[in-house]
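Novice: Starting off with a structure, shown below.
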Amino acid sequence: MDPSAAELDEELRRGLLPRNDEENAEASRRPRTSSMGAVERLVLSPWEKWAAHGRFPYKLTLHVALVLLTFAQMQLYDAQNAAYMRASHRNWAFFFLPPAADIGVVPRFQREFYTINRTMQAVHYLRDSYFSIGNESVANYEYLRTRSGEIQPLRLTVERVLPHGELETREYLVSHDDETVGPFDPHLTLWQKKHLFRSLRAVKFSFPLRDRQFGNFYEECFEWKVNVGFQVIESAQIHVQLDDCEVTRCASAHPRPFWATARQTFVWMHAVVAVISIIYMALNLKAIRRSFHVVARARGLLRDHANEQNKIDKGLEDVAAHRDGDDNHPPSFERQREVFGSWTKIPFLLKLKLLNGLQLLVFTSLVLLLASTMWSLLFLEAHMPIRFWHRLLHATALLLLWSCLVGYLEHNQHIYSIVLTLKWGTPRVLQFLVGVSPIFFGYALFGTIYFGNKIQEFGTLSASMITLFSLMNGDIIMDTFDALDLHHFNVSGKVYLYSFISLFMYVVLNIFIAIVEEAFFATQSTRRRLRDLLADPRVSRVNVAKESDISAEMMRILLQLMDSE
């Protein structure tokens with residue numbers, strides 16, 4: 001251990017340890033359920049607080065309960081709905097996109113058309129498939145009907161550019177008996193078809209279908225709004241793809257009272273998650289409020305400490321002004337200022353460390369999870385999120401909830417080291433990334449300009465960046481070499497790829513690894529010093545029950561320990 005680290009630990013021990021044996025004996029007789037001081041709240045993990053003070057880790061227990069419940073919900077969703085949703089999208093692609101001879105090469109959910117007749121056939125094929133899917137599909141598809149009992153027509157939206165340059169958007173309702181599909185009339189002359197297709201910009205079909213799902217655990221009914229888009233690409237081809245399809249629970253077709261719907265199987269899981277989230281949020285807010293109190297206390301202590309030191313220095317300066325001294329020898333009162341002698345000298349990022357960052361993240365995840373759960377409970381659209389924003393809300397909540405679980409494992413240095421390594425190494429990695437990014441963008445721009453007119457992987461700046469990033473990770477190396485050779489970039493292509501791979505794979509990536517490795521060993525050293533300090537039997541018996549018992553020097557040392565992490 002270096003001298004500065006040894007002095008830091010020794011000074012912190014003097015602030016934490018009792019002054020005499022009587023206080024030590026009295027502290028040893030205290031019950032395990034005694035109050036914790038602010039220092040212990042800052043540096044002890046929930047497990048250590050339980051072992052030293054008998055404080056049961058309620059927040060950790062609630063966190064684990066939420067993790068297990070949400071995991072059970074996701075397992076239920078995976079068994080009941082996930083495979084069904086994917087199968088439904090495959091059905092839409094099979095029925096509403098025309099068959100492709102090269103189906104193994106062309107992506108399943110899109111097609112490319114280059115001729116007028118092929119596009120006209122695709123439009124009429126989609127119309128005929130919609131009105132025949134109810135009889136031909138193996139699935140339980142049903143049509144939504146109008147008040148007169150007719151099948152709801154397709155909604156067709158066509159965007160065209162008029163001769164004067166104005167953009168026109170028109171909507172059509174296409175029924176089964178219509179010979180034409182909007183403006184796509186098979187009886188048009190060749191000149192009229194060419195005029196129509198040269199003015200097209202986008203075509204979109206939308207139509208509803210109802211489907212009954214007989215899942216592994218319960219039966220559900222969904223209403224789908226299928227969207228198929230035709231997009232004109234550079235006036236040279238038409239790209240057809242299955243767009244995002246909206247799905248809702250068909251409660252309108254089978255209305256039931258709210259409480260009857262709420263008594264469905266597995267809905268109770270949402271209620272339990274909501275109750276646990278509210279209880280956990282209350283404890284979480286209490287911990288956050290306490291951390292703000294610690295920040296205010298630390299600010300006051302360091303401010304008072306700075307004022308006292310200024311008074312002492314001013315008095316010593318007045319005394320020294322009346323005393324003759326040798327200019328070659330500095331007066332005895334002149335000393336090295338401490339790094340964190342006052343609150344204003346503490347960096348902002350270090351001040352944030354006094355806040356309970358873990359509980360702030362947990363609070364965010366609880367708010368998102370509670371909002372998603374109440375959405376499911378109040379609207380009862382389905383047992384699990386099916387809308388886009390609902391899925392995004394629920395997924396973000398679970399991501400934060402599971403990630404925060406690592407924060408409760410800080411008693412285990414091997415598990416928690418990933419968090420400390422990321423905290424220490426991320427700023428340095430970002431700084432290095434900023435320095436190397438101009439070179440990466442330069443390679444991407446060169447590839448886009450020089451290769452982009454022939455090779456799709458370098459067709460746009462984003463495509464070039466994706467290709468180069470894949471090369472950095474050892475992917476598609478041979479494919480990229482083959483593509484450059486195929487388009488006769490034999491020499492320039494090899495020079496481009498060899499120089500990029502040599503620079504980024506063998507130099508840049510190894511520097512990244514070195515930065516992360518340095519962060520790992522640095523955090524291990526800091527954690528080892530703090531663990532040795534807390535393992536001292538005298539420190540474990542100390543009674544620091546009130547925040548007022550913490551001196552400014554002790555707070556300054558704690559800040560230096562936090563900064564060393």
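The backbone N, Cα and C atoms fix where each Cβ goes, and this holds for glycine too.
What you see is a predicted model, and the numbers here were worked out from it, not measured in a lab.
Residues annotated as compositional bias 'Basic and acidic residues' in TrEMBL: 11-29. Under the heading domain 'Polycystin cation channel PKD1/PKD2', TrEMBL lists 391-520. Look at TrEMBL and you will find 1-33 tagged as region 'Disordered'. The annotation transmembrane segment is assigned in TrEMBL to 56-77, 266-283, 358-380, 392-409, 429-451, 458-477, 497-521.
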Novice: Who are the chain neighbours of the transmembrane segment (56-77) in space, where the CB to CB distance is under 8 Å and they lie at least 6 residues beyond its ends?
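Specialist: Here the qualifying positions are 46-47, 49-50, 217, 266, 269, 272-273, 276-277, 279-280, 283-284, 287, 359, 362, 369, 383-384, 398, 401-402, 404-405, 408.
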Novice: Excluding the flanking five residues on each side, which residues at least 6 beyond the ends of the transmembrane segment (358-380) place their CB within less than 8 Å of a CB in that stretch?
Specialist: 59, 63, 66, 70, 249, 251, 258, 261-262, 267, 270-271, 273-274, 277-278, 280-281, 284-285, 287-288, 291, 390, 393-394, 396-398, 400-401, 403-404, 407-408
Novice: Provide the three-state DSSP residue tally for the domain 'Polycystin cation channel PKD1/PKD2' (391-520): helix first, then strand, then coil.
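Specialist: Counting residues per DSSP class in the domain 'Polycystin cation channel PKD1/PKD2' (391-520), I get 114 helix, 0 strand, 16 coil.
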